[in-house]
Ligand code: ADP
């Protein structure tokens, strides 16, 4: 068992499911005794990155700040869970460099699906021209080329997506597996 902090980085379009999955994963990890902190893009922008806009430069600064905080947490045995659109490959590569145990989770859903969900009503506003530089509409989203995990939220339900992440963490020994049936029987039993 590695017994380390690590950074779980959820990236994907707005409405793809980053917040939902990250909250479910955080609950499960806390129930298993981990110390967990969620850095959610929407929340971070009201504190750590207040005043930043949505140009590439400001988005990169935002992602870099989140990556820095995640590295501070994870090097102190806290699980840092990041849920941020983080649309650019180069800035994701940069935060990967900053974090020793970095697990990128691509929360995948098509623009059409996210727009149909329109959880926060933002796509309608963006289409109406009320939110400029909206990711997927008039600002790019660069899909991860080699993420550790892909959660396809058009094919999986929420529980399946959460379980996929937990399973990965167990298999790679970031966390202990809880399933008794997976343990080898004792020879002396
Ligand atoms: P994001 O944080 O990426 O902007 P949210 O988590 O706020 O997205 O919203 C995602 C929406 O998609 C929620 O309404 C959620 O119920 C729905 N959804 C459907 N399937 C899934 C899944 N497998 N994982 C996460 N969310 C899903």
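Quick reminder: no glycine exception, Cβ is built from N, Cα and C everywhere.
Copied over from TrEMBL:
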type	residues	note
DOMAIN	5-151	domain 'APS kinase'
BINDING	12, 13, 14, 15, 16, 17, 18, 19	ATP binding site
ACT_SITE	86	active site, phosphoserine intermediate
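The residues of the domain 'APS kinase' (5-151), classed with DSSP into helix (H, G, I), strand (E, B) and coil, number 60 helix, 28 strand, 59 coil. Taking all protein chains in view, 27 other C-beta atoms sit within 10 angstroms of the C-beta of residue 17 (ATP binding site).
A Cβ within 8 Å of the Cβ centre of 12, 13, 14, 15, 16, 17, 18, 19, the residues given for ATP, is found for these other residues of the same chain: 10, 83, 85, 107, 109, 114, 153. In this structure the alpha carbons, written CA, of residue 17 (ATP binding site) and residue 86 (active site, phosphoserine intermediate) are 14 Å apart. A Cα-Cα distance of 10 Å separates residue 14 (ATP binding site) from the residue listed as 'active site, phosphoserine intermediate'. Mean model confidence for the domain 'APS kinase' (5-151) is a pLDDT of 97.
Less than 8 angstroms from the CB of residue 18 (ATP binding site) sit 10, 11, 12, 41, 83, 84, 85, 107, each of them six or more residues away in the same chain.
Nearest to residue 86 (active site, phosphoserine intermediate) in space, judged by Cα atoms and limited to the binding-site residues 13, 15, 16, 19, is 13.
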